[in-house]
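Residues or ranges marked as active site, charge relay system by Swiss-Prot: S357, D476, H507.
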Amino acid sequence: AYVETSPEKATEELLAINFLPENYSSLSFSELLAVLTGNVLAEATTRQAKDAKLAEFAVDDQTDLAAFLLDTPTAITASQFANVALQLLGYHPNYDYSLTDPLTCGEKHALPAFKDLTSKEELIFAFYRLLNTRSKNGQILLDVMAGKGYFTQFWGEGKFMLFNGKSLPVFDTSQVIREVVYVQSDLDTDGDGKGDLLPVTVFRPVESQDQLKVPALYTASPYFGGIIDNVKTNHNVDENLTDATTWTNPKYVAKPLVKSPAPSGQDVPATELATGQSSYGLNEYLLARGFASVFSGAIGNRHGDGIRITGSPEETISQKEVIEWLTGDRVAYTDRTRRFETKASWCSGNVGMTGRSYLGTLQIAIATTGVKGLKTVVSEAAISSWYDYYREHGLVIAPSECQGEDMDKLAEVCQSNLWDGGNFTAKKAYEAEQAELLAAQDRATGQYSDFWESRNYRHHADGIKCSWISVHGLNDWNVKPKNVYKIWQKVKQLPVESHLFLHQGPHYNMNNLVSIDFTDLMNLWFVHELLEVENGAYEQWPKVMIQDNLEADKWHAESDWANDLGQASLYSPTADGYLSTVENGTGQLTFTDLGGTEFKKAGISETDWEYQFISGEKKWAKASLRFESEEFLHPTTLVGRPKVQVRVAANKTVGQLSVALVDLGTRQRLTATPKIFARGNQPFAYRFEADSLQEFVPDKATKAKLITKAHMNLQNYQDMKQPSKLEAGQFVDLEFELQPTYYTLPAGAKLCLIIYSTDQGMTKRPLETEDYTVDLAGTALLLYRK
């Protein structure tokens, strides 16, 4: 995130933040070195206190900084300055590095190169670069200073301050305004004849109370009002498959509209204090830097009106209406009486969006409306089609660790206004809506329908007018990677600035990873998009950045994420269990699917089952066919979406087929989730919220790792959107894509293709066994290899 800066500009910025004293030109080299080093020590509040602390820093293995300065040096060597710099950055001499070889430590941690400093000009620029360098705690040194109170000297000035293109924490976090308003919707989802009131929580700098207008970071969070725990009532998945031709193509039916009044000239200050807490670290970080943080769950949320209708156009409309209030185009009231209007007069009219999972999903939904004022989205782990979240290729497919969840259950989780005991209108309407969702989502057949079509945001991507950042985990089996892959294929073709980050996590945030300065990049991004400052953000990093699965500190810069990043390679499974690039398969092989019976007997978790299954444990072998490649002689990277063709017959008139690609070979792999190195060690500002430094690290050796997988209903052999009759013993040709990937197989690894039926963590788990016969002559795997 460091923006290349001229020495002249660096000097100007250092003067502006009172780091470089006005009289610097009259100071000697040694005096300036003492002052600049002392200024980093923000916890020392007087010059005497700062000078006293200089003796705590070693220049080499014999001399402390105070003693070094007594000789009034006119220069400092690269090694000496590196020692001082590393200690200022939080590294411990003799523990983290040797005082006799600090340059090696700098190289190890990818710090800027140190050099001999022989003039005051070089010294000043070296400190400018140092302030922009990441410390041991993962933050740039300037942010470490902020956590110690350096920028409290600017509290109350009521203006943004920028440094290296990024906003500084100069806003008084001890006096943040926390308020609630009620936006009136055009929707009447609870059927009471009035527009639903949508509670909106605002956290904004106290400085915005006067003349300063600030941009807003809006997080559309259905969870903000609270979460109703209903896991125990999730749908039963231990049931036999249903004939998909009973499908009736459930329709989407729009809710009635009640036109809201236009905003008047009235503007009464908010009268309700916010008791809810910000739930997103990036927002808190940027709140201290002048960006208001706005949260709303919209329809169905606590203290508000309406009914949660998961993924529906109504959900999109209600969340969009919050932005319309922020830009002055919609009415909001101080309370539920609807008597006094209140405006977002503090807002500049520039809005960005943040959030992960459902919160990221609603960014996509709102962006497709092209709503005025929305300048950018940073959408993490987002659903781009609800069918791709709860279904796949004609099957009911659960998100990871959410077996039995569906649209109706998620709506219940987020219907927090049910906790408002007096809201009898919501309760009655909610029960009716639950019945409608249960019927329309069609858990019996799993087929695509008009209901799901209305919940596919990708079909409205042409409406996107704002800049775009997508963030997703390549190992996210909750919101599976094709959600981001398929919206990316749309967005990259639009005339908007767009970027993509892919990390090695599951359903996870990446803003505090050691290996990338993501938070600083987002600071730079939002300054450009919402403060409208030309700071080079668009050119600062590549179009696509992908974290390596072998070395967590390596990120690949790519121009795109698509099949054409690689070359097509065709593999054929053979009767003797090989996955071959030179031999075509012949003959037929049969496996017996056991449904969920053996899994239930084993009494293990879905995660444990998956590891045992992909590792090839014998007790699961009967329920699959496995084909292994030869060992790879060189590292090989798979990109894009693998495709399989399987000619298969089942001994029943229904069937489900699953396919997995697995990396085989006992070795250390990265942890599934990042390891936290120090909890709460990254303060966002002075005496404010904090985050924890973390990263993926090598874990204990494992036998196998899932690369990607997919599932398909045998009855969709003719059409993915139209089921057909299936006869017992009838061979059908299935062709479908697996989840997209970017995965490097190291030398010595084997690639394994597994063909099976019941996926215990995702598919239904039939109560009966079923035989599947695969015709190898009609079966192949297409990969894209870099």
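Even glycines carry a Cβ here, placed using N, Cα and C.
Features per Swiss-Prot, on structure.
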| residue | record | DSSP (3 states) |
| --- | --- | --- |
| S357 | active site, charge relay system | coil |
| D476 | active site, charge relay system | coil |
| H507 | active site, charge relay system | coil |
Give me the CA-CA distance between D476 (active site, charge relay system) and H507 (active site, charge relay system), in Å, as a whole number.
5
Between H507 (active site, charge relay system) and S357 (active site, charge relay system), how far is it from one CA atom to the other, in Å?
8
